[in-house]
């Protein structure tokens, strides 16, 4: 194993925890940047060009018939072949977080439609699912199994937001383990079925999954309910006869206690587990080699690389699999220095250096990246901080799509969302409105229906009201839904009106004098 430091020539701020890498025939592509793509690279997908330990991010292009792929972080990814003997494959992407901190339940298929020495054109299509559709989630795994000449996707684990009825402005980002159900997804027809297995009792996220033929192995993971990283090792076997599929699970000994680890394949039957955490904020420095032979799995510790002092002393690390037995790692920069990068990056090669560069990446394994909610001191609110440097693309070859008109467009960051029909917040012209705003517009969570975010400025909220709603757990309804909220409110109690007493006909000492006729009338009336 060899460890080498990598310098990043441009757009280093795009690489944040939770990104994903795709390896197509030895070419690596990056997606899942922190923040929305800009006009300089509207697709948000970049060629991960590493030469002589120097990395350049070059914008990639999509075909005209492609759908939009948001910059998802912590999704589940895997590769799909038409058959075990097929050499062409495509990437399956499911779930993940958007820059608005919303969770996706969509499934995308990424494939190459055109390729030459300088340019790769992708096609991205959205796959509609029916049946037992998995809820929106992140930190889960998806793999492909092959049985009786057919293929099927196996989706498991992850985290999701609490139900909308339990979400308030104060606890809008509270997450919970997804139910430990196993979902089978037919990629051809889009049918999804849910299976409950008695061996799987707790929800897990940020685990490691390895698939071979008709079997998926689940290793490690983190459980929010118990806040532990159990040394799990499950074997899920899927049989695909002509009728309904059969799924069974077996608990195996010899698991590993780790979450957020990275998996890379070194040969057809051998994998390496790198990184991850064994306790909260305590990295797992040991690497494991996983061997799959004759439907058996064997996990052994291997010689660790010569970690640098920066890696040893950092509290967090993250990364992803580049394919061909190589792992891309990142650690936070040293804030003590006058000029410091946000992150430093390394490449760890777990396989022999003489490996053929055109060797295909493995097809059935899932890697998960470090989760700030479970093992880093980062707060979820930091998900709103955009720091993309999209105006610094290195314009060479045919990848350069930079337009000087974008320079002003990239100089100001904002919150790219339309909260109402009259939304006045523009990502290109936004400036702080409230004194409490630092690097993002203030937003309030509207509790109507499934809930949505609105800009406080668009709702004409006073700063005092904004602070009050942010500190409390009261439900808030935006201008469009406040009428619905009022209809649900209990009418306020109305106090009865006080009636003034009637004035007497005559008061003593009023100064009025009775005439003799009135005196005679009153005397006859009371006698």
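Backbone N, Cα and C define each Cβ position, glycine as well.
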If TrEMBL is the reference, give me the range from 292-313, 314-335, 336-357, 358-379 marked as region 'Disordered'.
358-379
Cα separation, residue 481 (Zn(2+) 2 binding site) to residue 419 (Zn(2+) 1 binding site) (Å, whole number)
12
Rounded inter-Cα distance in Å - residue 455 (Zn(2+) 1 binding site), residue 478 (Zn(2+) 2 binding site)
9
Compile a sequence-ordered list of residues in the same chain as residue 446 (Zn(2+) 2 binding site), six or more apart from it, whose Cβ lies below 8 A from its Cβ; state 'none' when nothing qualifies.
452, 453, 454, 476, 477, 478, 481
Can you tell me how many other Cβ atoms are located within 10 Å of the Cβ belonging to residue 452 (Zn(2+) 2 binding site)?
17
Min neighbour Cβ count (10 Å) across binding-site residues 419, 423, 458, 478 flags 423
